[in-house]
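Trainee: Structure provided below as structure tokens; questions to follow.
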């Protein structure tokens, strides 16, 4: 990997993350590498400025923070093919980050990158767009929205807790009409987040699939479903004349869905690329440790396993 121009995004409002980002930027600049540095958070989005002001291809994005910081970076940078190197600095759960122990902004780290001493983990992204008219109308009326974890269609009203009726089609075929709090379309990466909280399936990130999970459906027969990755999920809001139904990308508001509109959700053309330094990184170990599965807190001796 060449290191000529590097993005450093840190968790907005977190002094630990900012201090680590400043140290990292100083180390890179001392090697003649052009650095673009900025905070990322609910009120800070540096990525459009980074992309617009780049004078040459961006080789790497270093993300210092928690999962929310990583999700924002993936949404904005994956379509440009910029790899992400993420560390849990100032974050909480850190499901999508490497431990801070691996963040040592010294010559050894940069030498590893230059010598390609890392693994590349590709994670599916989702793309969503709004459409009007019949299902045969494939021309979008909105920009394309991206998500690493999930796209969620659910209502949001300022003065009441709303339920909604959503019709879901897969590749033009009606699957169900859900009455409840909403619908989640998730990648395998996102299956351990909102989908898991809604009692949906946990899908290994090495599996190419989409998971569709209703949120608090009023019918006990409305169940989660796992579908092929090339499927197009179309969601139509029904039974309302107000634009209270919203599209959410990784928990961030994307847009309102007006009556008569539908949202099409599919696998994005380009995945997010994560650089992995931990040679012992294991999805199953992350499940045990981050989700506190019983294996992490209950220890029985298995004398049958060699």
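Each Cβ is built from the backbone N, Cα and C atoms, and glycine gets one as well.
Got these off Swiss-Prot a minute ago, pasting:
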ACT_SITE  67  active site, proton acceptor
BINDING   67, 68, 149, 150, 181  NAD(+) binding site
Trainee: Expressed to the nearest Å, what is the distance separating residue 150 (NAD(+) binding site) and residue 67 (active site, proton acceptor) at their Cα atoms?
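Mentor: Computed Cα spacing between residue 150 (NAD(+) binding site) and residue 67 (active site, proton acceptor) is 13 Å.
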Trainee: Sequence gap of 6 or more, C-beta under 8 Å: which same-chain residues meet both conditions with respect to the residue listed as 'active site, proton acceptor'?
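Mentor: The list for the residue listed as 'active site, proton acceptor' reads 91, 92, 93, 94, 95, 96, 97, given in order along the sequence.
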Trainee: With H, G and I counted as helix, E and B as strand and the rest as coil, say where DSSP puts residue 150 (NAD(+) binding site).
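Mentor: In the DSSP reduction, residue 150 (NAD(+) binding site) maps to strand.
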Trainee: What same-chain residues, at least 6 away in sequence, bring their CB to under 8 Å of the CB of residue 68 (NAD(+) binding site)?
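Mentor: Same-chain residues close to residue 68 (NAD(+) binding site) (Cβ under 8 Å, separated by 6 or more) are 11, 41, 91.
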Trainee: Just checking, which of 150, 181 (binding-site residues) has the fewest C-beta atoms within 10 Å of its C-beta?
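Mentor: Minimum Cβ neighbour count within 10 Å, taken over the binding-site residues 150, 181, occurs at 181.
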Trainee: Output, ordered by sequence, the same-chain residues six or more apart from residue 149 (NAD(+) binding site) with a CB under 8 Å from its CB, or 'none'.
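Mentor: Spatial neighbours, sequence-distant, of residue 149 (NAD(+) binding site): 71, 186, 187, 189, 190, 193, 194, 250, 251.
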Trainee: What kind of secondary structure is residue 181 (NAD(+) binding site) part of, going by DSSP in three states?
Mentor: coil
Trainee: Taking the residues the record says bind NAD(+) (67, 68, 149, 150, 181), how far apart in Å are the two Cα atoms that sit farthest from each other?
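Mentor: Pairwise Cα check on 67, 68, 149, 150, 181 gives a maximum of 24 Å.
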